[in-house]
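Trainee: Not my notes, these are from TrEMBL:
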- Ser865: active site (ACT_SITE)
- Lys908: active site (ACT_SITE)
- Gly467, Pro468, Pro469, Gly470, Val471, Gly472, Lys473, Thr474: ATP binding site (BINDING)
- 298-327: coiled coil (COILED)
- 715-737: compositional bias 'Basic and acidic residues' (COMPBIAS)
- 101-312: domain 'Lon N-terminal' (DOMAIN)
- 775-959: domain 'Lon proteolytic' (DOMAIN)
- 701-741: region 'Disordered' (REGION)
Amino acid sequence: MLKLLSSSSCLQSRIHGLAPTSIRTGSAESTAPFLRVLSSLSRFNRRNPNLGCRAFFCSDATEGSEPAADVEVKEAESGAEAKSSSAIVSTNPRPEDYLTVLALPLPHRPLFPGFYMPIYVKDPKLLAALQDSRKRQAPYAGAFLLKDEPGTDPSFVSGSETEKNIYDLKGKELFNRLHEVGTLAQISSIQGDQVILIGHRRLRITEMVSEDPLSVKVDHLKDKPYNKDDDVIKATSFEVISTLRDVLKTSSLWRDHVQTYTQHIGDFNFPRLADFGAAISGANKLQCQEVLEELDVYKRLKLTLELVKKEIEITKIQESIAKAIEEKISGEQRRYLLNEQLKAIKKELGLETDDKTALSAKFRERLEPNRDKCPPHVLQVIEEELTKLQLLEASSSEFNVTRNYLDWLTALPWGNYSDENFDVLRAQKILDEDHYGLTDVKERILEFIAVGKLRGTSQGKIICLSGPPGVGKTSIGRSIARALNRKFFRFSVGGLADVAEIKGHRRTYIGAMPGKMVQCLKNVGTANPLVLIDEIDKLGRGHAGDPASALLELLDPEQNANFLDHYLDVPIDLSKVLFVCTANVVEMIPNPLLDRMEVIAIAGYITDEKMHIARDYLEKSTREACGIKPEQVEVTDAALLALIENYCRESGVRNLQKQIEKIYRKIALQLVRQGASGENEVAEPNQAEVEQVDGLLQNTDASENHSGVESAEGNSHEQENKSSSEPKTIQDAKEIENIEGQEATKTVEKVLVDKENLSDFVGKPVFHAERIFDRTPVGVVMGLAWTAMGGSTLYIETTQVEQGEGKGALVLTGQLGDVMKESAQIAHTVARAILLKEEADNTFFASSKLHLHVPAGATPKDGPSAGCTMITSMLSLALKKPVKKDLAMTGEVTLTGRILPIGGVKEKTIAARRSEVKTIIFPSANRRDYDELAPNVKEGLDVHFVDDYSQIFDLAFGDDQSS
């Protein structure tokens, strides 16, 4: 800050060695209150311009007490000198004598006359030249604003980058980057690399004198002559003063500027007022440079007025922001104080209890509805914990553990059972609505409901639904819950390796929680929900115990009446819970668990069932989900059949649903595109048609009014005419409405999905026919296999590699498992015995090396059920006879030729139907499994049940095979 020195004579003589000069007493206005400064702003044009003063510039308190320089304001005696009051001039030498000065670049803002500016000079040569000039009693230099680099925005350049650019500029390059108009600056002080400059008057660069350090020739600029009594100039200056006064009311920083400026510069005049307003405004450097370059006083005042007006707008925004924040803070403080006062009042009146009492009341209120049904041992534990809660400090960790424990104990539905619906007919209807087929599953559920109706209560059971993915196991569980009117809860145990997920954590652990079963009871709110345990065949086993063993206590009807969760540590009755488990492969379920379940196998769906499911369930739900109306699309039966056979051959219908959704998504896009294009093509109705419709409607109204006023006497003829004409008028109006409706809907055409254009919606077919041969050649026989995805046909091929004495051997390929390799060895032995029996002189097996292959080679295969198929393949090669056309077989064979039963009868039958096989050979022990199949699965099949391989030999190589 600039300060006015009280003792000027000694300091002036010390710096310049000049005679002391008295300071004008009028400068004492600087110590007056701020209102006097404001009055000086409003009365500066009425003061005597002939008054002068002498003042000193001084640096801030950090710069010590050394004065920078002195200026003398001389009294003007006459003429033009009398008009410029308080002009800044140097006593010795005069500023106008300096026509060649050092050029100092200013990076941020220009220096205005009457203001000081500290700058940093990093160039040692330039710093030495400035020090030398100051020592030679020539403490002046030219301060010029630096231009921005071409193509850069000055608003986005940081200060450090600007300073760095200045230090790199030298000589000619620096000269080209300087603005022409600058300020003659007095070097006040130099401390290190910091130089304090004080502006005196405007300069204009004419030419460069030297490059290092940069010196330039300058012209001293004077303001253009102006009429101080001009009303426009006065009005502009008064507006500047008024605006400054408004800003000064809110900004203390600006007040300091005004006081300091009036101390060392004297009274304001029009040019100084313009420079002052521009210098202290927050405008950017280019706008300030524009004010510095302007020599017309009126134009300079206008430019300054714009900058100051913008400053007051910024001040208003600042005030609004501050006011909004203050209101927000004061509102929050007020609310806080009121809340504290309310708490204090309640405490004095005894209206508020502490947290522990409120918690206890909440837990007791929650337990009250089920208190009569709650077991006594549980009530005892709850009371003990509530008493313990009152003794604990609210800040202790044990308090939180007890509170959470009570929260779980009181949230469980002790003895709260939902009302079950034992209506068998209603349950049958619900099951049929949700699923097609699955007769055995539905029968088992209806049996369960019937038993519950006769007993008056239902007992929890364990049902395990096994089958390939996508056959609807999980959705069946949801349908069962809806049919029984039970709450439904599902959790998957696939990959579960932590026993705590089932039986909960001990309460001593941080973050302890009950197991899934307790969470289920809390969520559903009843003690007899239907719990679906998904993927039970994929249980894991980790370092945290064996979840399969932990499930035993949960599922066993003899144990789950007193199921003990580690967290709750009180027995829970789960005997009324109906458990439904799902699995893909029953063999993967641990035997102790499997022993407690009632397994219902869902083999999958044949093509006919898939057609019904797609048409009645999947297509309808998908169409509604896509927002498509039934009249907008038609999917033919041929398209659905092709979709099932060529794209969705697996046992389940999940992939079929995905493909149908894919079709309807493309149809929805097609309809939207048609509608969007049709909106632009809909023309407005013709005027003649509108008039015709209005006329017909008027005729209809007139006929109705006329018929209403006619009497019933002697007008039978007129009524007959009316009755004969009225339907015609109404019919015409209906036809017009139909026409309008057709015009409204004609823009969207119906989409037809047929077998021919199916590939446009779902792409090329994924599956090809499993059947490779129309008629199997010699050495090739079709077998039937079971997979997790359902049934499939399996070709077994045998060929002769080489022949010779003692060459008998067998080579196996096709990724066969150990059991299947043993079946091949058994088949080879049995085939030799049968060939010896049928053709004693045939030494084929003794002298032939055989190669048996089971395609596809990349699919691992195992199981004993291909034994009879392998024997038939070897005998076909030995006898050089192909087997009967459209024949498939399955069955395990022993060394004596006995045929043992196999599994997956339904899957294998479905696979045979899919491959258009007409004759199937099953073991006799599987007759009961085949008899349980639905009639539509067995339709068109010729099935033979055999006990010994000799029966298969007769069927495969009999004399009637040509037929």
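Placement of Cβ uses the backbone N, Cα and C atoms for every residue, glycine included.
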Trainee: Among the recorded positions Lys473, Lys908, which residue has the largest number of other Cβ atoms within 10 Å of its own Cβ?
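Mentor: For the recorded positions Lys473, Lys908, the Cβ with the most other Cβ atoms within 10 Å is Lys908.
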Trainee: Out of Gly467, Pro468, Pro469, Gly470, which of the binding-site residues is least crowded by other Cβ atoms within 10 Å?
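Mentor: Least crowded of the binding-site residues Gly467, Pro468, Pro469, Gly470, by Cβ count within 10 Å, is Pro469.
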Trainee: Count the Cβ atoms, other than its own, that fall within 10 Å of the Cβ of Gly472 (ATP binding site), considering every protein chain shown.
Mentor: 25
Trainee: Just jot down the residues in the same chain as Ser865 (active site), at least 6 apart in sequence, with C-beta under 8 A of its C-beta; none if empty.
Mentor: Gly783, Leu784, Ala785, Trp786, Thr890, Gly891, Glu892, Ile902, Gly903
Trainee: Looking at the binding-site residues Val471, Thr474, which sits with the largest number of other Cβ atoms within 10 Å of its Cβ?
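Mentor: Answer returned by the neighbour count: Val471.
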Trainee: Can you list, in sequence order, the residues of the same chain other than Gly467, Pro468, Pro469, Gly470, Val471, Gly472, Lys473, Thr474 whose CB lies within 8 Å of the CB centroid of the ATP site?
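Mentor: Nearby residues not in the site list: Leu465, Thr582, Asn584, Ile602, Gly604, Ser651, Gly652, Arg654.
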Trainee: Any idea what the Cα distance is from Gly470 (ATP binding site) over to Lys908 (active site), rounded to a whole Å?
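Mentor: Their Cα atoms are separated by 18 Å.
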Trainee: Can you give the mean pLDDT for the coiled coil (298-327), rounded to a whole number?
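Mentor: Per the prediction, mean pLDDT sits at 82 for the coiled coil (298-327).
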Trainee: Calculate the distance in Å between the alpha carbons (Cα) of Lys908 (active site) and Pro468 (ATP binding site), and round it to a whole number.
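Mentor: Their Cα atoms are separated by 13 Å.
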